[in-house]
Number of protein chains: 6
Amino acid sequence: MDLTHFDEEGRARMVDVSDKAETARMAIARGKITVKPETFERIRSGLIAKGDVLAVAQVAGIMAAKQTSQIIPMCHPLMITGAKLSFNLVEPDEVNIEAIVKVNGKTGIEMEALTAVSVAALTIYDMCKAMDKTMTIGDIYLVEKSGGKSGHYRSS
Amino acid sequence: MDLTHFDEEGRARMVDVSDKAETARMAIARGKITVKPETFERIRSGLIAKGDVLAVAQVAGIMAAKQTSQIIPMCHPLMITGAKLSFNLVEPDEVNIEAIVKVNGKTGIEMEALTAVSVAALTIYDMCKAMDKTMTIGDIYLVEKSGGKSGHYRSS
Amino acid sequence: MDLTHFDEEGRARMVDVSDKAETARMAIARGKITVKPETFERIRSGLIAKGDVLAVAQVAGIMAAKQTSQIIPMCHPLMITGAKLSFNLVEPDEVNIEAIVKVNGKTGIEMEALTAVSVAALTIYDMCKAMDKTMTIGDIYLVEKSGGKSGHYRSS
Amino acid sequence: MDLTHFDEEGRARMVDVSDKAETARMAIARGKITVKPETFERIRSGLIAKGDVLAVAQVAGIMAAKQTSQIIPMCHPLMITGAKLSFNLVEPDEVNIEAIVKVNGKTGIEMEALTAVSVAALTIYDMCKAMDKTMTIGDIYLVEKSGGKSGHYRSS
Amino acid sequence: MDLTHFDEEGRARMVDVSDKAETARMAIARGKITVKPETFERIRSGLIAKGDVLAVAQVAGIMAAKQTSQIIPMCHPLMITGAKLSFNLVEPDEVNIEAIVKVNGKTGIEMEALTAVSVAALTIYDMCKAMDKTMTIGDIYLVEKSGGKSGHYRSS
Amino acid sequence: MDLTHFDEEGRARMVDVSDKAETARMAIARGKITVKPETFERIRSGLIAKGDVLAVAQVAGIMAAKQTSQIIPMCHPLMITGAKLSFNLVEPDEVNIEAIVKVNGKTGIEMEALTAVSVAALTIYDMCKAMDKTMTIGDIYLVEKSGGKSGHYRSS
């Protein structure tokens, strides 16, 4: 299959989806940030006390989902109808991030979900970087998507 | 050490750097996207023909570096004085991304470098997703930073 | 009634409106800025001469209406189909602002109207602040909204 | 005194501050949102449980402070060096908002503080509007500013 | 015919298109930048080697098309369904730019096409300005538009 | 001279200006939009009555100057210290636009001036397009610049 983002001359373009039908679409993406155990404890305690790194990361992720088409050059603008981020703390050093995004649109919404996860991870990094410079963001992938002609996809 | 992004009541704030000196600062971040071998070949051939996924990713990464403080909630605005992205294709399936960002400022520029790498990876994902849904973005970390009171850091 | 912006774990999310029908929606918001009488006169004369504070405030308010979903974290993106701001000067010291915004969408447009009024007031403040530091912005509220399942609302 | 935002022909411009010295500047603004007592209780309980309206409003306010020069037409871009929002719940129905913003710059930072307060109030409105349409945002004013040639100002 | 962007009081507004039908719309705009012959050669060689001014201009133009309603005050937000920029090098000194933009919407998309062309030209200027300060951007006009009640237009 | 926006591998980058001195810089750009004589009359009468196309264009141009580094990919962020747009109506069909922009910075500000002129012209187009589809934007060029190592430039 060809890369649909290039035209016949090989130049980048925004793929023409004018004739595609609007369907209900959903995408789930995941990623994680690995931190020092002491950073992990600090983030976890924030869930209990008021200093809540994850609350800020969540807002950042949702706002980023809405800005995806302005961050990713060939990405179509879409009017997101729902976005939700959740975090799962896995001892001793991992914060797992999951984003679910929905839209009724002519094209898939996986970039919005992946961008939300990435920006949430970057925000966690930013808020913890004074105490930990060794954090690593990784394993960002598409878990599931539905809607559109290509149908349902689920990562194996 | 405490998380400096929280005030005494535990609420998030933008850390006060008013009294810090402006110094020449630099940060290098790296990350990668792992793709199917056939996607890898297609990206590589784009380097030769005109259909150049990496050229678009590079523009996206540099533009994202400039928007970092609008994407990451507690990140200070900084007037970047230089930004450069480079790609390294590692057979059979990895695209490595490196960003070098510079500023004369009161606070570090690592978030700009990490954001540039993340957005470049997301852009590669976006441009290849029609042919490959299994791509994974990962290993995003700070390689090196210099400038400011905390001095030089290099990941081991 | 619960706060719909929070999920079952109490975390913020963008409410899922995927299954709501698109209806014609309208919202009217009002607010005012109270200024010194001499500032009031200067603004009023601007309506006659070319130095027109309100013309700038009007453009600012309309542009802000279009950016609402990027300013308010959990606000859905909406494609506004019409926006109009008007001003009413009430002697000796009040500038009243009214915004009417329309959309065909799945969710209400009151935030766009309220944001337009707020930004118009802030713009008046900005343009007059060299001569008046005592201005107060206030009484920003929803006057009326229509469309959607909850039906017509009019403030009493 | 003339409105400095207009040139000799009466047209709007961004005031030329090229020759002003950079000084340490600070501004404090306040505002409030008046809600139904039941909404007030719900916001207050959010401070204890995880559903925290004010945490989202705080992030929104800080991000808005950074975007002020893109929202207010004639406002100069400034590189904020610190921003902090705090909330004070006054029984039975008021949420008071205070923003402190700092910069080293050629021009005052009061618009950033006022914009932060306004957007925090709008965000509270957005997150509570499903249960309360009668909320009113008001009493937004400059409490204090320092720095620059005009010196210290404190509202009486 | 009256200028529809003004209301009965002569103030600017965003025209109300709520009752217009959504139709498939397309617009084509063109423009050019005239450069020194040596700059022309350098841009042309970029098409062959990797230093590709036009690749950057193309990304900039497409991203600008998506931001049009945030740049042009009274312009309606539209969800572009396709955008394509192409360049035509005319010896000895002209780079011609053409943008085709598509949408299913209630209002025309000519501003998006014209903005894409303008920003592509500005980007070429930016990337060549170190070697050429005499470049001129010009002849930006609407070539063709279709869709909507006013029907097909083609510049003569 | 080489195109400084490309690195040794021919890839685009943001030129490193870290070691350049901050100097007072100024740039003047001009451009024009040619319209039908009847459109010209309508714009001119707007200067007298309240329906003022040029007032909206002026706000748009100044706001665009502040966003230049987010619109033009390789353009450095700069904190503009002054911006002014003026219009000159030349019978029977030309609106001339001039932008003067100032900054204390490490790199020139011509892109900000050129972008302000371009966006002002696009805004005039947008506001008149219901009555005139034949307008042409052109002759956008750098009139003068000062500051920096390359010294004073004035177009001949």
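Cβ from N, Cα, C; glycine included.
Nobody curates TrEMBL annotations by hand; they come from automatic prediction.
Features as listed in TrEMBL:
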- D:14-148: domain 'Molybdopterin cofactor biosynthesis C (MoaC)' (DOMAIN)
- D:Met74, D:Cys75, D:His76, D:Met111, D:Glu112: substrate binding site (BINDING)
- D:Asp126: active site (ACT_SITE)
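Feature map: TrEMBL annotations on the structure.
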residue: D:Met74; record: substrate binding site; DSSP (3 states): coil
residue: D:Met111; record: substrate binding site; DSSP (3 states): helix
residue: D:Asp126; record: active site; DSSP (3 states): helix
What is the Cβ neighbour count of D:Asp126 (active site) at a 10 Å cut-off, with all protein chains included?
-> 25
Integer Å value for the Cα distance linking D:His76 (substrate binding site) with D:Asp126 (active site) is 28
The domain 'Molybdopterin cofactor biosynthesis C (MoaC)' (D:14-148), counted residue by residue under DSSP: helix, strand, coil | 50 helix, 45 strand, 40 coil
So which of these recorded positions, D:Met74, D:His76, D:Met111, D:Glu112, D:Asp126, get their C-beta under 8 angstroms from chain F?
-> D:Met74, D:His76
Looking only at D:Met74, D:Met111, the binding-site residues on record, which one has the least crowded Cβ, with the fewest other Cβ atoms within 10 Å?
-> D:Met74
Between D:Glu112 (substrate binding site) and D:Asp126 (active site), what is the CA-CA distance rounded to a whole number of Å?
-> 21
Cα-Cα distance linking D:Asp126 (active site) and D:Met74 (substrate binding site), given in Å to the nearest integer | 27
How big is the substrate site in terms of the longest C-alpha to C-alpha distance among D:Met74, D:Cys75, D:His76, D:Met111, D:Glu112, in angstrom?
-> 13
